[in-house]
Amino acid sequence: MTVFNGASGRTLILTAVLGLGLPLAGFISPSVADEHRVTGEAPGAFVVEDGRVDPNTYEGYIAYTRVCMACHGPDGLGSSFAPSLIRAAERRGWADFAGTIAAGREVQPGQVMPSFADDPFVLANMENIFSYMRARGEGGLGRGRPKVIESMEEEAEALREEAEALEEEVESDDTARDKQADD
Amino acid sequence: MLREIGFAMTAAGLMAASLAHANQNQLELQQNPEYWATQLGNYQGNRYSELDQINRDNVGELRSLWQFSTGVLRGHEGGPLYVGDGRLYIHTPFPNKVFALDLEDEGRVVWSYEPDQDSRVIPVMCCDTVNRGLAYADGRLFLGQADNTLIALDAETGELLWDVSNGDHTVGETNTMSPLVVHDKVIVGISGGEYGIRGHMTAYDVETGEQVWRGYSTGPDDEVLIDPETTTMLGEPIGESDLGVSTWPEGEWERGGGAPWGWITYDPDLDLIYYGTGNPGTWNPEQRTKDGEPADNKWAITVFARDPNDGSVKWVYQKVPFDEWDYDGVNENQLIDVEMNGEQRKGLAIIDRTGFGFLLDRENGELLVAEKFAPETNWADDYDMETGRPNVNEEFSTYRQGVGVNTTDICPTAMGAKNMQPSAYSPKTGLIYAGINRICMNYEPFEAEYVAGQPYVGATLTMMPSPMENGGMEGRMGSFIAWDPVAGETIWEVDERFAVWSGALATAGDLAFYGTLEGHVKAVDIETGEELWRFKTPSGIIGNVNTFMYEGKQHVAVLSGVGGWAGIGLAAGLEEPEEGLGAVSAFAALGDYTKLGGVLTVFALPD
C-alpha cells in the first residue's frame, strides 16, 4: 500500500514536467543556468529551478531532516558520526542506497547504521530522500530548507493531503491491529 | 589557601567518625588537593584545585610530558582520575576500555580492561557513544558501560569484581554518565530521552552491586520516592499526590523521558544528592498536552534533591514545565556557599541549558536568582520568582506556533546554551567559569509514534550561530565566560569559533583552563579571561581538564577526541542565520579543523 502511494506521487511529478513542455530524458539537462532536472520513472528524479524544488524532493528534505540528519549531518553533508549521503547517493545508486536504509550496515566496530525496515515513514520516503540527495549533488541545490517551485505548489498540496491520508491509514491499521491483539 | 585546607582536613576528620567506609575514603581523597579523585573534583562539583604551582606567571612555560592514544575514535568526554597511587585511570567511549597508566613511566599501561558489549547498543545512543568517566572509592573503580552494565574493577589489578544491569538497550536505555560514590553506595542514572524511556536514578551497594533503591523521574509518588506531605517545591510541601502521573496525557509518563544522564553532586553536611532530569519524552509538545492544554509533564527538567541512603526526595524544582524546545535539565548543580543580601546561603548554582543562570537554596529548593548568561536567549523573557515559572515568549513557543510549523530563530538550541560540559567555581573569586554555546535554531514539531527501541523525537531542527553582539567575533558559536551567580551577570567573556564543549578547571594559581573543539587546551587569567597559554592536541576537546600533584609537580591532563553532539551537529558547519547576512566562511565547519581520535595529553612545567 505504502509503495503504491509513493509511486502515484511520482506520477504527479512526471505529469507536471510534461505540462511544462520540457524534454523528458533520463539524465541531467542543464539547459538553463539555474535549472537542473533528472526525469524518468527510475527513483531519484528531481527538479531544481532557481534554488526551488519539486514537491517530492521537498518531502525528501523534510524526511531527511527528521530521520537522517541526527547522524548524517545537516543537508546531507555528513558528520563525524556518519558519512555524507550526497556522495553515497552519487556513488552507490538506488539499489544500494535503499538496501542500506532497509537492512542497516555495520561499517566497523563502533560505527553502525540501523535498519529502518520497520519504520513506515522512512520506507514511504526513501525515494524522496534519494531525490533530495541527488538534487543536492548533481542538481546543485544549496543548503537549508528549499522552497517548492511555484507552478508545482498545487501538486505539493495534493501530496501533503495524500501523506496525511496515508498517516491516518497507518494509524487506523494500527488501531485495527491493536484491536485484534486485544481480542 | 592554607586556612581552607586546614578546614577541609578538620571536616574530613569529623566525617570519618559518622560515615561508612567507602565514603570516608572518597571524601578524604577529594579533600587532598594533590589528588583528582572524582570527575568534578569534589562532591560539590566545583572543579577547583588549591594547587598554585602553575600560575599566571609561569603557565606560559607549560609543556606536554607525554601523550597516550586510547585507540578509540569516538568522542572522549570525562577525564582522568588521580588518587595518589602513581597511576592515571582513564576510560574511553564505546567499547568503554579502561586503562591504568603509570605516571613514573610516561604512561606505560599497567593494566587495561575491555568489556564485551553488544554493538547494537550504538544506534540507540542519540548523541555519540560517549562516556563521562570512572568513579573511585576504596580501591575500586566504577564504570557505567554503554549497554547499561555497571561494573566494579579492582583498581590494583583491573580485575572485574562485580557487574549488574541497570537498564535495557532494546527499549532505548543506554548509559553515558559517570556514577558517583556516596557512603557505601554507587549511584547512576540513565540515558535515552530521545527513545521514550522512563528516567531513573539508582543506587547499588559498592561491595556487592546489589540494588538498594531506585527513584523514577515520572510516574506515581511511590516510584518517584516523593511524599507529597514532606517533599517540598519552592519551599512548600507539594501537597497534591502523583503529579508525575496527573500532569501528563493518559499513560504518556511511561515514556516520559526525564533521563538523568548528567552529573550528580553531593552535600556531605546536609547528606543530600542533587541532579537534574532531561526532556519529557517526545520533542513534539502537542503530544504532551492534557485536555488540549499545556501540561507540566512532571518531573522532567527538574532538579531533584534526594537522600542518598534511601532515595527519598527532599525537594524538587521544575526549571521548565511543559518543555517545547528540548531544554534537557541535566546540567550540573554546583554547590556553593554565598553571601546574599548580607546573609550566608547554602547555594546551588546552575549554568542551565535554557540560557538562564539559576541560584537556588540547596536546603529547601527556594529560587533565588534566574538571569540570562547567554544574552541571545529569547524563548522566555524572564522567570517569575514567586511561581518559579518562565514567562514564555509566544513568538518562540513551538506549541503555540503548532505542529507542522517551523518556528524560527529560537535561542538557544536544543543543545542548550550550555550542554553537559561541567563548569568550575573558584571560592577565591566567587565566580563560575563555563564553556557555552552561542547557537540558535528553527524547530518544527511533528507527530511521533512510539515504538520501543526506536527514536521518539517528533521535531525537526536546524541550527545557526546566534546573532552578533557589538565587538563579538563574527560567526562565533561559543564563548568561555566568568559568571557571577549571585548578581546574575557575566563578568567577562571570550568568544570561540566553535561551541565550547569541554569541562572547565579553576585553580588557586589564578588560572582557568578549558579546551576547544579545534583541539586547543587554553589557560586564561581568571580575573580577565586573557589567554596566557595554549597547546594544540591532536583532536577536538569535549573532555574535562583535570589537575593533580605527582612527585612534587603539578600536572594538568586532558582527553582530546572530538565527537559528542557537537561532533555530529557542527561537523558540517551551520546554516547562515539569515540569507545574505554575514560571511559564509565565518560559519565554519568543524570537519575543516579536526578529525576523530582519542588521546590523553599530560602537562607539567619544565624542571
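Cβ coordinates come from backbone N, Cα and C, glycine included.
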To which of B:ARG120, B:ARG132, B:ARG214, B:ARG255 does TrEMBL also attribute binding of pyrroloquinoline quinone at the site defined by B:GLU77, B:THR176?
B:ARG132
Based on the record in TrEMBL, give the one of B:CYS127, B:CYS411 in a disulfide bond with B:CYS126.
B:CYS127
Looking at Ca(2+) binding as recorded in TrEMBL, which candidate out of B:GLU173, B:GLU194, B:GLU207, B:GLU444 goes with B:ASN279, B:ASP326?
B:GLU194
On the three-state reduction of DSSP, what should I expect for B:ASN279 (Ca(2+) binding site)?
coil
Using a 10 Å radius around each Cβ and all protein chains in view, which of these binding-site residues has the most neighbours: B:GLU77, B:GLU194, B:ASP326?
B:GLU77
Please work out the helix, strand and coil residue numbers for the domain 'Pyrrolo-quinoline quinone repeat' (B:501-556) from the DSSP assignment.
0 helix, 31 strand, 25 coil
For B:CYS127 (disulfide bond): intrachain residues, at least 6 apart, with Cβ closer than 8 Å:
B:GLY564, B:TRP565, B:ILE568
Would you kindly determine which recorded positions in the set B:GLU77, B:CYS126, B:ARG132, B:THR176, B:ASP326 have their Cβ under 8 angstroms from any Cβ of chain A, listing them in sequence order or replying 'none'?
B:CYS126
When you rank B:GLU77, B:CYS126, B:ARG132, B:THR176 by Cα distance to B:ASN279 (Ca(2+) binding site), which of the recorded positions ends up on top as the closest?
B:CYS126
So if I draw a 10 Å sphere around the Cβ of B:ARG132 (pyrroloquinoline quinone binding site), how many other Cβ atoms end up inside it?
26
So among B:GLU77, B:CYS126, B:ARG132, B:THR176, all listed as recorded positions, which is physically nearest to B:GLU194 (Ca(2+) binding site)? Use the C-alpha atoms.
B:CYS126
Separation of alpha carbons, B:ASP326 (Ca(2+) binding site) and B:THR176 (pyrroloquinoline quinone binding site) (Å):
18
